[in-house]
Amino acid sequence: MEMERGREKGDNICEAETNSVDWRGRPSNSIKHGGMKAAAFVLGLQGFEIMGIAAVGNNLITYLINEMHFSLSQSANIVTNFIGTVFILSLLGGYLSDSYLGSFWTLLIFAFVELSGFILLSVQAHLPQLKPPKCNNMLSTDNGDQLCVEAKGFKALIFFVALYLVALGSGCVKPNMISHGADQFNHQKQSKQLSRYFNAAYFAFSMGELIALTLLLWVQTHSGMDVGFAVSAAAMALGLITLVAGTLFYRNKPPQGSIFTPIAQVLVAAFLNRKHISPSDARMLHGTHTIKDVNPTLSHDNIGILLHTNRFRFLDKACIKVQDGNNSTKEISRWRLCTVTQVEQVKILISVIPIFACTIIFNTILAQLQTFSVQQGSAMNTKLTKNFHIPPASLQSIPYILLIFIVPLYDTFFVPFARKFTGHDSGITPLQRIGLGLFIATFSMVSAALMENKRRISAVNENKTISIFWITPQFLIFGLSEMFTAVGLIEFFYKQSLKGMQSFLTAITYCSYSFGFYLSSVLVSLVNKITSNSSHGGWLSDNNLNKDRLDLFYWLLAVLSFLNFFNYLFWATWYSKNQTTSATIQQDFNSKVVGDDSIA
């Protein structure tokens, strides 16, 4: 009987912690709602959504060059800007979800927006009056001018409207797929299942990418881009159906109101109180809690409390109790006095920024695999059999073929094995996983540089076209790298102790993709400018890779990636040192709140 009471109490506590509701807004039931059963529907949406967007993004450069008649460098920048916009808009999706709509409604609304963009893209690609006239990009006039006319005016407008409708929808959907799926698990009782979910999410991502880069790209190559875009629209429609099918099983976290207001209050209060001296005893700060302060009978009220830490002490000024005349502390505006928990949340946000920044170079490398490496493959022998040619963009499917086997093996064998030694539910910590991925990524660019040098020498000096399979190692190495870095980053951010900000924190991880792709565009322009002279226009200025020096550009990225790895080691060590003491105290605090192990 006592055990049953303990379990019931534990369930009530965990339910209060999640503060989740069903589709009608009633308190969720842990038996009927949540768990892997509910998360499976979200994983279905993720697989279909990435299938649609990957088929467009990974072969977009071919469409821009061959049918819209943009130059190689211009096309590469359009692709990177498009993908960068997708990920920067994830911040909007995360903000709307946590503050006003909730993750489910945000998913539903913006999935429809993405679907409309796919449909408009297929219409634009199908109607000849919405595209420039067909021509041969290799032909030119006697003056050296290209005969092809690039898309301009209304034709370009329709294309970019469609493209950025997809970007808006996909950007707002992406962070909420991860967070809504993770919200189906209780962080206290289902930590191992939550870690497994993150691996399952990457498996769904890999499956979607694999199908997009094989079947859907084959459709684009043999049936036309209009049919290919229509298939992407169909995949997105299936994703919507899957999302709606799980409505009865979801447990939804209601929005918390503006997530930026408490952050802004801390910054304003710290500035207004900047001339005051912080007390040497942290217990004098407003809203300070210690383990002794916790009343187990009021555990519901204690959930979400953070303890004071010594990092970024200047923010503690926001908690200084300043009496003004006859005003009591309770009457002081929240813009002049904040709680320690509120300040600690801002400290956490500041602490994770360097970790986030260290993954930008990683995603700059990813940008090359979706742009220049596709063109690299186009300049190679794509024949597999007498009548079958490999679409260059399909090379990106190679790492995902490997990963659909590696990810289950990693989750089934490596994680339990590593857990015996580390005691960590994920086998290795998210920070260790990110670092391993960043280290491996460098070798992807080393391989790319070596293979491009070999391809160029064979084409220029020996007049030979080598097989497209020579560039597969760079995709394989990066795919393995991404399995560690991408999943580790999402898990790291989602598990931060920031109540009601899980979607926004997940969106921050996607911003790393955005900044990486934007940095790629800047690097391409900067490298062209620095390396150009009177005799040629720079390493990447021509549409002919035999004249360009793509291999040198890859070497540059390899060096930047290697230096970035050591930069990450510094910040990861700094973060770990700052977290060790506070995490231990916080864990003791949370243990007392939730109760003993038999309960929670």
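The backbone N, Cα and C atoms fix where each Cβ goes, glycine too.
Annotated features, as they stand in TrEMBL:
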- 38-58: transmembrane segment (TRANSMEM)
- 78-97: transmembrane segment (TRANSMEM)
- 104-123: transmembrane segment (TRANSMEM)
- 156-176: transmembrane segment (TRANSMEM)
- 197-221: transmembrane segment (TRANSMEM)
- 227-250: transmembrane segment (TRANSMEM)
- 346-366: transmembrane segment (TRANSMEM)
- 398-418: transmembrane segment (TRANSMEM)
- 430-451: transmembrane segment (TRANSMEM)
- 471-492: transmembrane segment (TRANSMEM)
- 504-527: transmembrane segment (TRANSMEM)
- 552-571: transmembrane segment (TRANSMEM)
> Between 78-97, 471-492, 504-527, who has the most Cβ pairs under 8 Å to the transmembrane segment (346-366)?
Replying inline: 504-527
> Residues sitting near the transmembrane segment (156-176): Cβ under 8 Å, six or more positions beyond its termini, same chain?
Replying inline: 49, 53, 56, 68, 82, 85-90, 92-94, 96-97, 103, 106-107, 109-118, 120-121, 123-124, 130, 503-504, 506-507, 509-510
> Any contact between the transmembrane segment (38-58) and the transmembrane segment (227-250), i.e. 3 or more CB pairs below 8 Å with pairs at least 6 residues apart?
Replying inline: yes
>> Considering only Cβ pairs within less than 8 angstroms, which of the stretches 398-418, 430-451, 504-527 has the most against the transmembrane segment (552-571)?
In response: 430-451
> Where among 78-97, 398-418, 430-451, 471-492, 504-527 do we find the most Cβ pairs under 8 Å to the transmembrane segment (104-123)?
Replying inline: 78-97
>> If contact means at least 3 Cβ pairs within less than 8 Å, sequence distance 6 or more, would you call the transmembrane segment (398-418) and the transmembrane segment (504-527) in contact?
In response: no
>> Should anything in the same chain at least six residues away from the transmembrane segment (197-221) have a Cβ under 8 Å from its Cβ atoms, list it; otherwise answer none.
In response: 36, 39, 43-44, 46-55, 58-59, 177-178, 181-182, 184-185, 227-228, 231-232, 235, 391, 393-397, 400-401, 403-404, 407-408, 410-411, 415, 426, 483, 486-487, 490-491, 494
